[in-house]
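Report on the following structure.
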Ligand SMILES: *Cc1c(COP(=O)(O)O)cnc(C)c1O
């Protein structure tokens, strides 16, 4: 789910300005009353607004699905905020020592670091960390509704220790409770009492976005709550003895309505990186306050609170933007790889093209599974799968559990089906990484079931290829569906001869398809819901386009190749190879007539020859059998012959014909992959999948 949230982004800026106001009291010199009504009341929506953003963008998804990806996102977020808190503590360390927030006594130190923050505004970071951890744990253990209930209770406790303290502390029992709480922390506006409710409100909006934003009369409601909150605040400030004024009874309702209004608002204006910008403003503005304060000792007009506030706002934003630019520059320079020994360059547009071509020939209701096993046929699994995701593919096939885990860890959001055998002892990983396992035999299914850990599976049926799959017998298949720990979400088979249009192959394939269909209709009759169905790989699509199952498993066609160009297919499609193998020229030299080049005596030069060394070899997947001039490389369209034996990491080329090549220039090493596969008497699949992991992957 993607949310356009320009309204939220714009309001972040206002919220940051409000936070600055809370710390500078802009109306002090003009009308102090306004500070009470506006700064310390209305502007109190700012920080809860940031909590709600975290609830909405981070925890909403987690609350619906505790998948590996969603948990990982939360962990990464916590780590990031933790690091920011650490750096902020260091930044403010001198100031916090000076003003006495931090002293080096252990108990005070802990209290400060966990609840109150090491400098007055920094409480936000431990609060968001503790709030996020607490809400995640509650969501997992008691579900969303109870989490909300707990959070409301915690907020009420917090409220009693904040602006309602004067009233609540009259009651002796509660007074004792708060004395206890305040022996641990100076305020109740912390991750424990303050943050959870706003995180929950963010989650609520995420879960019920459409319904809530469709509500009418939000504006009116908002004004009612804000005015109510102002009255609440004036009452408490005037007539009671408040402890602090971060929390009001009506604050959660007001901010909730405001958030909905912001989501509904779809302004054209976009603020770039407003999240990072406002975070930086939040961190640095107290520093700016201190500096502006010292300057105002020399320029008395700055003592005016409004001017002072404005100056702090402007300087904080300028400084934050400056730091942001600095960070961006560093990121760009990090991306640039200066020299690559050898690489495979993947073309995003070719992937897009091939997927579209496949989509044209499969039925409308059939979806594509991207087969990215063996490092995406050597092309780079993570990069290719990422491009496939961009092209709307959300189901992936790999061969092994290690591939599946690597794909999941790369942030892939799709379903990942392991086509091959996985040892039952690895069942914890299948579960942990939200993978789907193929059941490759009856025995395999039973062993997995015995582990008593629920996992998702697809049942593979051996319809005649006789490699993997359970026996094609409905009684046996029914038993498999009854295994109580296996959630079988699909059933599939694989064709052994779909690549050939010769009669015997067609007979074999049709028999497999016939058997598969029979099994499906029998299962249907028995009332078994067997889930997704799939049987075709690339050649199954090209030669049996009339089939109509839920998925097709596309490998080689994604990569822009046929396996073998000598074999005709029923349908032909236009393919663009997605990969170019490149390597650099690393040195040039001249050898005299009669000299040998490289290992062995195979290459003796007849005349004085200019040669070069290219940094790629058989360990990178270039077949050694191409040695001695069977391979022609390419530089700017000019052919360059390889000479001598191909080495493990390098090869020697003849540069006689090319004048303008220099060291560090890049050559295309396998200009025509399908032709080479043919000469090597293999299929393109093999040549591609052997491209080594030492090759860098670049995207073009
Ligand atoms: C490898 C594989 C595929 C993909 O095959 P291509 O011919 O490359 O499309 C599909 N299904 C299974 C079971 C596979 O092992």
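Just so you know, glycine gets a Cβ as well, placed from its N, Cα and C.
Looking at the stretches 104-121, 122-139, the one that TrEMBL records under the feature transmembrane segment is 122-139. If you look at the transmembrane segment (146-167), the same-chain residues 6 or more away from its ends with a CB under 8 A from one of its CBs are 135, 138-139, 174, 177-178, 181-182, 187-190, 192-194, 196-197, 199-200, 204, 232-233, 236, 240-249, 252. Within the same chain, the residues at least 6 positions away from residue 648 (substrate binding site) whose Cβ sits under 8 Å from its Cβ are 617, 618, 619, listed in sequence order. The transmembrane segment (37-60) makes no contact with the transmembrane segment (305-326), as judged by fewer than three Cβ pairs under 8 Å among residues 6 or more apart in sequence. If you look at the transmembrane segment (246-265) against the transmembrane segment (277-299), you find fewer than three C-beta pairs under 8 angstroms, all six or more positions apart, and that falls short of contact. Candidate recorded positions: 373, 467. Fewest other C-beta atoms within 10 angstroms, 467. The average pLDDT for the domain 'Alanine racemase C-terminal' (578-700) in the predicted structure is 95. Secondary structure of the domain 'Alanine racemase C-terminal' (578-700), assigned with DSSP and counted as helix (H, G, I), strand (E, B) and coil, comes to 19 helix, 42 strand, 62 coil.
Taking Cβ-Cβ distances under 8 Å and a sequence gap of 6 or more within the same chain, the neighbours of residue 599 (active site, proton acceptor) are 644, 645, 647.
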